[in-house]
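Step one of this worksheet: look at the structure below.
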Amino acid sequence: MLGTTVMIPSMLVPMMGGTDGDKVRVIQTLLFVSGINTLLQALFGTRLPAVVGGSFAYVIPILYIIRDSSLLRISDPHERFIQTMRAIQGALIVASSLQIILGYSQIWGIFSRFFSPLSMAPVIGLVGLGLFERGFPAVGNCVEIGIPMLLLTIGLSQYLKHHRPIRDVPIFERFPVLICVAIIWIYALILTAGGAYRHRPARTQDSCRTDRANLISSAPWFKFPYPLQWGPPTFDAGHSVAMMAAVMVSLIESTGAYKAASRLAIATPPPAYVLSRGIGW
């Protein structure tokens, strides 16, 4: 969740023409909405210990909206960002109605009976591989940060996941990314404070230094996200259809996540009607 909440806006907002302040606002909204969705899912949905966050499945249709010729013609970057956000809001509203219908009508429960790990893994894997060219090359922009992060994540999540340093809590299995981000961030902060990038090219400094994101300095002390904060949504048939395709992929992702959460929680596998209820929420 941490990666999707920060990485997706950091990658997409500049392409929309947004500033660092706009990026912070999107991240704040995504965090806030993810918290609300998690509470609703835990109380009324599947009632499993699953955290609901952003999905990379929506990146491709959002890129399609960003590259719409009608939006690219807007010369003012801030106005282009606002109009793009309104278009994304409209597409999400239409696409989410499909998910709500499939969930509350119990139709998705019928389809979920045919989903096994063997059928869901390729779909989720293809989504990740489709974004490989955007994410993995960024490791090469800052090798001294990217390679240690990659190796540490693999080590904790794959080789130390059964090691329990704190009683019987498998922290390396449950929180490998969070632990790795904290460790590597401190490591990057030490390199930045020590002047390791003082005489490096500007691109390297932008990728490696911890004081170039301007997220904390651009964030207000108090900000309450509210619906339609970027204005009324705009609707386009092409945008909505593209977003619906992402919804179908995210439904499969969510179904697999719910089944995995029940297994990790040593709970009864969720029946079809519970999966449908979770999809609806």
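Every residue, even glycine, has its Cβ placed from backbone N, Cα and C.
Annotated in TrEMBL:
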type	residues	note
TRANSMEM	48-66	transmembrane segment
TRANSMEM	87-108	transmembrane segment
TRANSMEM	114-132	transmembrane segment
TRANSMEM	139-160	transmembrane segment
TRANSMEM	175-197	transmembrane segment
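Sequence-distant contacts of the transmembrane segment (87-108) (same chain, at least 6 residues past either end, Cβ-Cβ under 8 Å): 61-62, 65, 68, 71, 228, 230, 233-236, 239-240, 242-244, 246-247, 250-251, 255, 272-273, 275-281. Panel annotation: around the transmembrane segment (175-197), residues 2-3, 144-145, 148-149, 152-153, 156-157, 161, 204-205, 208-211 of the same chain, lying at least six beyond its termini, place a Cβ under 8 Å from a Cβ of the stretch.
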